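Features reported for this protein in TrEMBL:
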- 5-79: domain 'Cation-transporting P-type ATPase N-terminal' (DOMAIN)
- 55-77: transmembrane segment (TRANSMEM)
- 83-99: transmembrane segment (TRANSMEM)
- 247-264: transmembrane segment (TRANSMEM)
- 270-299: transmembrane segment (TRANSMEM)
- 708-729: transmembrane segment (TRANSMEM)
- 735-757: transmembrane segment (TRANSMEM)
- 785-805: transmembrane segment (TRANSMEM)
- 811-830: transmembrane segment (TRANSMEM)
- 850-869: transmembrane segment (TRANSMEM)
- 881-900: transmembrane segment (TRANSMEM)
Amino acid sequence: MDRKKWYTRTSEEAVQFWQTSFTEGLSSAEAKTRLEKFGCNELAEKEKPAWWKRFLAQFQDFMVLVLLGATLISAFLGEYADAITILVIVLMNAVLGFIQEYRAEQSLAALKKLTSLTARVVRNSIVQQVPARELVPGDILVLEAGDKLSADGRLIDVHNMEVEEAALTGESTSVRKVADRKFSEDAPLGDRKNMVFSGTNVVRGRGKAVVCATGMATEVGHIADMIQATTEETTPLERRLEHLGKWLVWACLAICLVVVITGVTRGESVFLMCMAGISLAVAAIPEGLPAIVTVALALGVQRMIKQHAIIRKLPAVETLGCTTVICSDKTGTLTQNAMTVRQIFADGNHYEVTGSGYDIKGNILLNQQPLDINKNKALQQCLTIGVLCNNSILKQNTIAITGVWRNKTETGWCIEGDPTEGAIIVAAGKAGIWQSEIEKVQKRVTEIPFESERRRMSVVYRDSNSNNILYVKGAPDVILELCRYYHTDAGPTTITNNHITQINSINEQMTSAALRVLAVAYRRLTPAQAQNPDEAIENDLVFAGIIGMIDPPREEVKISIALCREAGIKTVMITGDHKNTAIAIAQELNIYKENQHKTLTGKELDALSESELDAIVNRVTVYARVSPAHKLRIVRALKRQGHIVAMTGDGINDAPAIKEADIGVAMGITGTDVTKEASAMVLADDNFATIVAAVKEGRGIYENIRKFIRYLLACNIGEVLTMFLAALFGLPMPLLPVQILWVNLVTDGLPAMALGVDPGSPNVMQRPPRHPGESVFSRGLSRKIIGRGIQIGLSTLFVFSVIYYTQDDLAVARTAAFATLVYCQMFHVFDCRSEMVTIFELKFMTNRYLLAAVAFSSIMQLSVMYIPFLSAIFSTVPLSVGHWVFILIVSGWTLLVNACKQIFKRRPARRTTIPQSR
Ligand code: ATP
């Protein structure tokens, strides 16, 4: 790609060179051709090792290598059958391990794709969202605050645009961008203010740029050490298990050594005992535990995607289950973000607006009568400001009513952009006022964008007589403070105390009725002011009216909040909206109860010291009129109280609070790239209910991890104990090396994996959150593991010794012990499905994978016992019906006893209902 120094040239030159158009952009066909020519807009990734290398890595485990070495020796000694069998089992184990790792990797890669960046570009004359990897030189990028740049571009239009380029230049203060200047050739990167660079973030304003470099041709592509490195993220649980694994290795090795030494002193062959010891070590060391945890996490993450929650950081899955507070934005997350203007107040008149949603069917009524807009000048002015100070587009099917043409096929009316602004367009449309019509005589000069902190937005328009007019809309309390005049049907007059009192009381009325309220105002500007617009010109305004719109709560959220309460999770609403509006919605959703909870506004919060805030933070469920900076204080205060906080956010300034929260949650639809990058989880549908679904899933995943840890470790203890006790009591070896390896293969692999996908127990949300520091073995799990391990070991040894001493046939006794060990584990796996209810109360068919895994393992076991060729290899002999009855009773009785014990012990259903103000 051409490396022209675009910062030394005009934007027109760049547009011309790349044969594109400022307004129309590239055509789809041209973009496709260029994508083929220039390649995908991606940085070269480190090449992954080939699949066979990763397969070979399965044999890197020390004990497996020792086993392979020993097998080689046995082959030299002429034990070919044994050597081949061991080799086959080790190979099958490796395949299983490889498949597990591959599945985990695939689902994580799919996740990465889901969270990859998109960009807004003009193509075929319309603004559209495309995957960032499909950007090509010549694309016209549409940029706004919160966007992360994914290509280098020459700016062609800017409005108060500032970009933070620390990723590239190390400079943390943002750079104010320009479009109409050129810079000298030796200007350093940070001074090329007419350029935007891949990897940097737009922090203020908006603008457009023509893409000049993509992929490895970008500035970031030239910095070798910044090339994407795939860092593997491990979760705290994985790390803890890895640590435990190391500890278990030594314990197993010590026991195996005892088995070998006692066997040899009893006169067994040294080689046979060494093989048995090594096989036991291979079987008993739970080296696959961290891998299965990863698989369980990755599969859980996939299930979450189906529920619209995209996990960006794997550790979040674990933390989700510990969440004690969810702090949620109101607009769009708790509410539908489908706004409809209901009331308008202008020049003393109270207007009602009929109709619903974004359909322009409806009327504006005064005293319940339709009106002539031309006779209601104040209302006309109010709506005119509303549609001009507006960046949203109303669309019906394929046609855009107030903007450019769109080619998306959508039925009915919908809004592209901010729904608050969309609702105003619709209300104005009902009175026949359209932005496109007004813009035939007035042209937009510039804009001071809406920011949550400012709670207002302004635009400057110039009419055909070169008059410059500033139109402002925003929160009424903010706008009123900037007003000196009051608009009437006859024109502006000085604002009086009466006006102010009336405006405040109307605002109070509307907000108490759960309406979201905006005020509109305007003023004339001098040419100098229009030239250099900044916040200082938002003064001496003429107050033009108030617009109140309804944004109903989401129905499903009510249920989710009730579920949270049952699960001991508190819901907190944090909104920039008016306190009354917030309380009205919070009451409807059962987040706020008058005598039980408190509300705080941003101002009240500012007046509190940290300790004062700490004293009340547990009782506050509604924070209103807060700005993103307040969110950080709220998160910190809640964390100081020991809470595990999930916090939502969408705007760029929410990023610090999202980072600080234990679970940062970004909005998938309205969220900015920067917020998404800071988050641990993205809500594809911006819905609060999705957070709760993810918490439920997170709890379920953790339960599943406990299930297979319980299963695997108890089985391994059983195996080791069988061999250890036999050695201790001077019994012959109850299992041969190949048999031990086989047990490990048929029991550890598929059944354990099937437990990892067990559907969560129905009551996971009826328990309080787990403490994040809690050990995975807490709540009696270690007792269960050890107890069951001993049961398995003793049962196997019991069957072995009874048959050995009564029949005096070592082969039959070994075969029976072999079968008992396997079937004890097959029964045990069903017990592991729940820690609360018995297997008889769990719906049997809800985990078909487990049934299939157990059936498969059982068939495999029967094959090595009854297929002559295999039984020769595994030194097994056919068992009689009597033997089988004995084996099944001994293997299965614990299942029955445990179920009875659980029913007997069960106290009256324990439901933890934690009040909202904890
Ligand atoms: P949240 O999403 O956090 O629940 P919110 O969307 O209600 O909050 P903000 O978007 O910060 O909060 O809006 C705060 C106030 O700013 C609103 O109550 C409204 O009066 C005003 N406002 C909202 N959107 C706009 C806009 N596009 N232009 C001008 N003013 C706006």
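For all residues, glycine too, the Cβ spot is worked out from N, Cα and C.
In the predicted model, the domain 'Cation-transporting P-type ATPase N-terminal' (5-79) has a mean pLDDT of 81.
Counted over residue pairs 6 or more apart, the CB atoms of the transmembrane segment (785-805) and the transmembrane segment (881-900) come under 8 Å in at least three pairs, which marks the two as touching. When Cβ-Cβ distances below 8 Å are used as the criterion, the transmembrane segment (735-757) is approached by residues 82, 85-86, 89-90, 92-93, 96, 100, 272, 275-276, 278-280, 282-284, 288, 292, 295-296, 299, 704-705, 707-708, 711-712, 715, 719, 722-723, 814, 817-818, 821-822, 825-826, 829, 832-833, 847, 849-850, 852-854, 856-857, 860-861, 864, 873-876 of the same chain, each at least six residues removed from its ends. Taking Cβ pairs closer than 8 Å, the transmembrane segment (850-869) reaches residues 742, 746-747, 750-751, 753-755, 758, 815, 818-819, 822-823, 826, 829-830, 833, 844, 876, 878-879 in its own chain, all 6 or more past its ends. For the transmembrane segment (247-264), the residues of the chain that approach it from at least six positions outside its boundaries are 63, 270, 272-274, 276-278, 280-281, 284-287, 716, 720, 723-724, 727-728, 733, judged by C-beta separation under 8 angstroms.
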